[in-house]
Amino acid sequence: MPRPQHPLTIQGVSLNSVAEQFGTPVYVYDGDKITSQIKTLQQAFSKVPLKIKYATKALTNVNILKVVKLAGGEVDAVSVQEVRLCLEAGFKAEDIMYTPNGVSLEEIKEVVELGAMINLDNLPVLELFGQTYGHEVPVCIRINPHIMAGGNAKISVGHIASKFGVSIHQLDEILELVKKYNIQVTGLHLHTGSDILDAEVFLKSGNVLFEAALKFPELKFLDFGGGFKVGYKEGDVVTDMMEVGNRVSEAFLKFCEKYGKKLELWLEPGKFVVSEAGSLLVQANVVKKTPQITFVGVNSGLNHLIRPMMYDAYHDVYNLSNPEGEEKKYNVVGYICETDTIAAERDIAEVRMGDFLAIKNAGAYGISMASNYNSRLRPAEVLIWEGKARLIRKREEFEDLLRNQVVLDL
Ligand code: LLP
């Protein structure tokens with residue numbers, strides 16, 4: 001099998017030079033890739049009035065949000081803090097969708113004050129919202145369509161046993177509350193999972209949304225969520241965006257005709273926008289042979305990239321320092337005191353101690369899920385923009401670990 005092509009440069013900037021200049025571990029992002037992913041979505045859905053609400057939870061650096069904005073994207077935020085980061089990045093409040101799960105009315109009120117679009121996912125808070133704002137503040141309602149979708153159980157959220165959204169079986173209860181408090185429902189929303197391959201899922205869940213939408217006369221948009229699958233390794237099947245775009249747009253336009261009004265179609269991609277744009281660069285601390293396995297121990301681990309351990313996610317790993325070296329089998333492991341295997345039984349160009357390695361597809365849910373476990377410091381972040389490597393987050397320092405500790409005089 002031919003060796004997979006792995007990038008040694010981004011926009012002409014060598015990844016080795018990024019590792020040398022900024023140190024490792026370091027997350028590095030290709031701004032052009034983020035822009036081109038957004039353009040792909042815009043093209044795929046060009047027949048409908050589209051809003052791309054990038055799911056900021058995937059990667060929240062304010063500079064990344066600015067790249068999304070420049071490409072014509074808007075944002076989806078899941079906490080008041082994410083809303084504030086989006087405002088910091090220059091988004092107008094009305095371009096921010098706030099899709100929390102299980103938060104208090106207090107936090108929702110804060111976001112109403114900030115001016116973002118509110119998306120509610122349970123009946124008790126919908127009732128409190130109605131009592132508080134009546135018809136005054138528009139709202140979107142997240143419907144759970146009860147469709148099983150997504151790459152694995154942990155990231156499937158549209159099924160009957162999921163905590164997310166208001167069950168489609170409770171539509172009558174939603175309608176009662178809407179009537180009782182004269183709630184202004186301007187959007188309906190769903191999101192069924194992550195790593196979804198099949199256009200059918202979007203069509204099936206779309207049909208549930210269309211059925212429900214006929215009962216809400218004040219709608220301005222329908223939000224189909226995110227979840228598009230990207231490639232993690234050579235030969236991976238990925239969501240065919242043009243197919244999804246064409247088929248969903250066609251169904252959507254047909255529905256709008258029936259509804260009697262042209263609505264906007266909203267999408268909330270996270271991974272699709274940033275996953276492939278990001279790599280985590282690490283250094284091989286130790287190459288250790290046991291009777292069975294050769295381990296490469298790197299200066300990172302589940303504290304920086306938890307996806308392999310949490311979801312058994314596959315992340316390609318390749319050697320930046322010795323790309324032409326003879327391939328050998330390795331288990332690439334972290335330095336955390338747990339079994340944090342980043343990649344098992346992988347063919348990688350011969351790794352010597354001190355080599356820089358790149359871990360691919362680390363843009364989405366990489367640093368945004370990172371922690372200080374084992375009192376390790378979180379990495380720096382670098383954005384390649386207009387052919388230059390720019391630091392967009394400083395590496396943490398020891399003092400950061402103590403910053404919020406209140407040290408008692410014991
Ligand atoms: N919209 C809502 C309401 C969501 O909950 C999510 C993701 C998205 C959009 C974006 O989904 P995406 O396009 O990124 O698949 N940490 C996991 C993924 C968790 C997704 C949570 N919600 C992972 O690393 O696979």
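Every residue, even glycine, has its Cβ placed from backbone N, Cα and C.
Substrate binds Arg307, Tyr311, Glu338 as TrEMBL records it, and from the list Tyr232, Tyr259, Tyr365 the residue named for this site is Tyr365. Tyr365 (substrate binding site) sits 7 Å from Lys57 (N6-(pyridoxal phosphate)lysine), taking the C-alpha atoms as the reference points. Ranking the recorded positions Arg307, Tyr311, Cys337, Glu338, Tyr365 by how many other Cβ atoms lie within 10 angstroms of each Cβ puts Cys337 at the bottom.
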